[in-house]
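Report on the structure given below.
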Amino acid sequence: MVCILCSALGYLILGVSTSVFLVALARVPAGIFKHTHSISRAVLSDLVAEKERPLVLGKFNTASTAGFILGPMVGGYLTELDGGFYLTAFICFFVFILNAGLVWLLPWGEVKLNMTENGWQVGKSHRLVGKTNSEVPEDAHPEPTASGGTAWWLPWMEVLQTLRRLKSLLFSELRDIFLVRLLMSMAAMLYYSNFVLALEERFEVRPKISGYLLGYSSTLGALAGFAMGPLMWWYNDNCHTMLLHSNTLTCLLLVLYSMACTMSIVVFASTLLSFSTSIGRTCITDLQLTMGGGAQASGTLIGIGQSVTAVGQILAPLLSGVAQEVSPCGPPILGAMLASVAIMIMSVNRLHHGGNAPAKSKSE
C-alpha cells in the first residue's frame, strides 16, 4: 500500500508540474517506491508451494508483459493529444489509486492463514532469514524498557541486521546465481539496446518495421509464460537444468542473429529469443528463491535480484555503444560472450546447485 500510494503521489505531482524542477521532483517518489512488481513476486512466492512457483511466476510474467505491451501503445496515443502528457500522468495516478483499492479489498486474513498452514511464519520471523523462533538470538527480540516501551536504538539494530543479512546473501553460494543473472540481463540488453539501429544499418529496415518486430517478440514473450507448466513436467521440476538450457539457447541465438544475412533469419532468431529469455527470467527467480530460503527470504532475495538486473541495465548501454562503434554486429556478439560465461559458471556448479532437484520433486 505504501509503495502504490507513494507512486500515485509521484504521478500526481507530474500531472500538475509547471517546471522542470517539479518534473524532477515527481520522479523521486516514483523511483523510490515504484517496485510493486517485485513485491507482487514476493507475495506470490509466499502463497504458493515451491513446486508450483515457476508456473505461477510464469503466468505473472505473462500478465506483466501484456501491460508493458499495452502501456506504450496507449501512452503514445494519449501523448499526441492536446495536453496529452498531463492527461497520461493523471491516468497513471488514478490507475495506482485503483490498484490501492484492489489491494485493500484482498482477503489478507485468509492469505496469512494459508501461509501459516503451509508451514511459513508470518510477521517478525521474516526479519531473520532462515531462522525459526527457537534459533533467533535473544538480543534480536525487543526488550521492554522501564517505561513499558522499546529502546530507541532497536530499530537501528534491525537495520544493521538487515544489512548483515544482505551481505551474507551476496557472499553466499547465491553469488553464482546473482552473477549469472547479471550476465544474462546484460546479454539480453545488448541485443535489445541497438536492435532498431542495427537493422537499419544492416538491412535498411525502417524503424516502424523494427518496432513491429519488437512488439511481435514482446507478445511471444508474454505467451511463453503459459509454457512453464509443460516445461516443468518435461524437466522433472529441475529449474537449474531448464535455466542452463535456456541460457545456452539464448547464447546460440545471439550468435545466429549477429551472423544473419537475411531478415527471415532475424525474425527466426527473435522469435526463439523471446521464449528463451522469458523462460530464463522465470527460472532464475525461482532458483534464487529455492536456494536462498524460500518464502522466509522472498522479499530480500527478489529485491537483490532486481538490483542486480538494474546494474546490468545500466552497464549494457555503455558496452553496447562501444561495441556498436566497432561493428553493427558487435553488441549481440558481446552478449553471446557474456552468456557463454554464464553458461560456464552454471556448468561448473551444476552438481552443487541442481543435483537434488529431481529427487526433491519425487519426494514431494
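Even glycines carry a Cβ here, placed using N, Cα and C.
Keep in mind that TrEMBL annotations are predicted by a computer and have not been checked by a curator.
Feature annotations, reproduced from TrEMBL:
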- 85-106: transmembrane segment (TRANSMEM)
- 178-199: transmembrane segment (TRANSMEM)
- 211-235: transmembrane segment (TRANSMEM)
- 255-275: transmembrane segment (TRANSMEM)
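Only residues 6 or more beyond the boundaries of the transmembrane segment (85-106), in the same chain, are considered here, and those with a CB under 8 A from a CB of the stretch are 1, 4-5, 7-8, 11-12, 14-16, 36, 75, 78-79. Beyond its flanks by at least six residues, the transmembrane segment (178-199) meets 170, 205, 207, 209-211, 213-214, 243, 247, 250-251, 254, 257, 263, 266, 273, 277, 280, 284, 288, 304-305, 308-309, 311-313, 315-317, 319-320, 323-324, 328-329, 331-332, 334-336, 338-339, 341-342, 345-346 of its own chain at Cβ-Cβ distances under 8 Å.
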